[in-house]
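The ATP binding site annotation in TrEMBL covers 13, 14, 15, 16, 17, 18, 19, 20, 21. What TrEMBL lists as domain 'Cytidylate kinase' is 10-222.
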Ligand SMILES: Nc1ncnc2c1ncn2[C@@H]1O[C@H](COP(=O)(O)OP(=O)(O)O)[C@@H](O)[C@H]1O
Ligand SMILES: Nc1ccn([C@H]2C[C@H](O)[C@@H](COP(=O)(O)OP(=O)(O)O)O2)c(=O)n1
């Protein structure tokens with residue numbers, strides 16, 4: 001199969017819209033590979049923190065984006081684990097601090113370029129589900145299937161609140177809502193690859209919709225699926 005013939009389903013959207021959850025289930029049902037592109041930006045942010053780099057030092061951050069080893073593997077429970085320079089950094093990557101650092105470094109165009117080919121390398125037969133901010137607009141503009149997930153900021157903050165509380169992380173709903181709004185604004189206003197739906201993306205507002213119903217709506221876009 002030539003690369004262009006390998007089907008890609010892109011799922012973009014703001015924080016807490018359900019991209020990761022929906023993408024993983026859909027990839028599993030289709031038997032396709034999965035790319036969590038946000039984890040790459042988070043990994044670079046976390047590696048930059050470990051190396052004590054200044055988040056204003058674009059040159060050092062670009063080198064860090066090229067040099068950081070990032071690997072993915074499923075653990076025994078089927079959870080996706082992320083290895084940064086050989087260390088399992090999954091829990092650290094999911095913190096709001098790592099999300100904010102990722103959002104900041106993701107605004108640097110050369111960091112985005114440094115991660116471009118790594119993301120495209122995930123396109124392997126029989127297919128790929130790719131989740132992020134610019135999967136349908138920049139990384140896989142030729143994707144056959146494109147989705148843009150949204151939900152109200154209040155519902156996204158509540159989802160994140162529940163998710164973090166279940167993990168024993170101490171957060172406040174107000175604080176999370178503020179962080180989500182700040183990250184939305186930064187991701188949508190940056191000059192390069194801003195968060196926005198591709199023109200040919202199907203928009204799905206998931207406010208008040210359960211995970212199963214969103215999964216079915218996304219799967220319905222992929223013709224001839226066997227799942
Ligand atoms: N449609 C939905 N309804 C309710 N909760 C959802 C829905 N989609 C995702 N969630 C929950 O919201 C939280 C954030 O989802 P996640 O997939 O991490 O979002 P994103 O990747 O867009 O930031 C998770 O705990 C997830 O289980
Ligand atoms: N394709 C991507 C993926 C993430 N980013 C940036 C912007 C986001 O705020 C951060 C973190 O992304 P991530 O998808 O992990 O975050 P959420 O799960 O949506 O909260 O990285 C990006 O610029 N482009």
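Heads up, the Cβ atoms here are built off N, Cα and C, so glycines get one too.
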Under 8 Å by Cβ from residue 13 (ATP binding site), counting only residues of that chain that are 6 or more apart: 19, 133, 147, 148, 149, 150, 195
Cβ atoms near residue 21 (ATP binding site) (within 10 Å, other residues, all chains): 18
Arithmetic mean of per-residue pLDDT over the domain 'Cytidylate kinase' (10-222): 95
Neighbourhood of residue 15 (ATP binding site) by C-beta distance under 8 A, where only residues 6 or more apart in the same chain count: 99, 156, 160, 180, 183, 184
Environment of 13, 14, 15, 16, 17, 18, 19, 20, 21, the listed ATP site - residues of the same chain whose CB lies within 8 A of the CB centroid: 22, 131, 149, 151, 156
Residue 13 (ATP binding site) in three-state DSSP notation: coil
In the chain carrying residue 17 (ATP binding site), residues 6 or more apart in sequence that have Cβ under 8 angstroms from it: 149, 150, 151, 156, 206
Binding-site residues whose CB lies under 6 angstroms from ligand 2, from 13, 15, 17: 15
For residue 19 (ATP binding site): DSSP state (helix, strand, coil): helix
